[in-house]
Every structure is written in structure tokens, then in C-alpha cells.
């Protein structure tokens, strides 16, 4: 197995759905199925914060979500927890700046997908040099889902990454909705990552379809 290509990674980032049980008011398994039917291209399991499952319950829930992703041939990524990602043989892991260092993560994960949250050009360059396959850049807009977020960067912050020569695939993170998706792609992102825009939507299926439409309308400006 070899590392994922930039072109394939870019395609997978189009509509990146992140969810845990506490991000939903309806059955999370059904929400994931509806989102997959609607066209999400990659899924991240993020079970943390108030009311999150722990221990065996968390692992069982992750396995259920992973099985659904497999049915649809969509990569299943684990947020922060490298050990869980290895235990589940997940397709990859996403880490933040406060989590396990990228060099150690790459050693453990082999050629699997690794995404890194970055807020500065220095963090981005370090992540790329040490094996990141994609960057999560944000928060682009204000968000209520994550309580420990950094300062809002806006689409200008995202565009700055491209202006400074950051050429690997980027997914925009934070406060992204159907209405502002186009501006995130225009600023240089390959795709958008969302939680509540799908998990709390009246119809996860319809919401996902609209996000897919917005991303494909703009098309990424990067040729890998």
C-alpha cells in the first residue's frame, strides 16, 4: 500500500462529514446513511464533549458507523484517537495541534490517511514535512459545535495559506453551511467539513445533496 495521491485526497475532501452521537437529535446511524446517500465523500468519527459515549459503548458505536461507511465505500476517519483508529483498522486519523505529534502518528499509521488541523503557515509546513495528507484549516466562520476553537480566520485566512505556497489538499473547517460553502471553495479549499449542517438538518440527505452541489459548482482550483 502506498500513500494516497493528492488528486484522490482532494476528491475525497469535497464534502467531509464529522459526527458523534451528541451532535444529533435523531438516530445517528440513520443520519449517516442519509448523508452517504446524499453524497458525502469522507466521514470522521468525533465522539467527544458533553454527553459523549465512552469506553466499550464508544467503540461499539464507532464500529457500527464504520460498517455503514464500508457499505458505501466511503473512508472512515477517527478524530484524535490513534489507538482507536488502529484497533478498528480505520482508513485514517485526524489530529489537532494539541494531540499526538504528526511524526509519531505517521509511524503508527503507516500509509493510512492523516489529516492535521492547522491555524498558521508554520503549523501547515511542519505538518506537510512530517507526513500530513491533508490540512484542516479554520475555523473559517464562528461555530458553536466546538468550544475550544481558535480565532475565526475567515475565507481570507484560508486564501493566505494558498498565497504562501501551501499546495496540499485543504478542507475548510468551522461554521460552514450550504450558504457559505461556495466562498470557502473560492478561497482555495478542496472541500468543506461540516457537523451540524448535516447532523441537525431537517433532512440530512437533502442538506448533503445541496452541499455536494455547491462544491461541484465551484470546483477546486487546484490541479494535483
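Note: Cβ is positioned from N, Cα and C throughout, glycine not excepted.
Annotation note: residue 48 (4-amino-2-methyl-5-(diphosphooxymethyl)pyrimidine binding site) sits in a coil segment as assigned by DSSP. Summarising the environment of residue 48 (4-amino-2-methyl-5-(diphosphooxymethyl)pyrimidine binding site), the number of other Cβ atoms within 10 Å of its Cβ, over all protein chains shown, is 14. Per Swiss-Prot, the feature 4-amino-2-methyl-5-(diphosphooxymethyl)pyrimidine binding site maps to 44, 45, 46, 47, 48, 79, 117, 146.
Positions annotated as Mg(2+) binding site by Swiss-Prot: 80, 99. DSSP classifies residue 99 (Mg(2+) binding site) as coil under the three-state reduction. Other C-beta atoms found within 10 angstroms of the C-beta of residue 99 (Mg(2+) binding site) number 16, with every protein chain shown included.
The local packing around residue 45 (4-amino-2-methyl-5-(diphosphooxymethyl)pyrimidine binding site), expressed as other Cβ atoms within 10 Å of its Cβ over all shown chains, amounts to 28.
Long-range Cβ neighbours of residue 117 (4-amino-2-methyl-5-(diphosphooxymethyl)pyrimidine binding site) (same chain, at least 6 residues apart, Cβ-Cβ under 8 Å): 94, 95, 96, 97, 135, 136, 137, 138, 173. Of all the binding-site residues listed (47, 80), 47 sits in the most crowded Cβ setting, with the most other Cβ atoms within 10 Å. Neighbour counts of Cβ atoms within 10 Å were compared across the binding-site residues 44, 46; the minimum falls on 46.
DSSP classifies residue 117 (4-amino-2-methyl-5-(diphosphooxymethyl)pyrimidine binding site) as strand under the three-state reduction.
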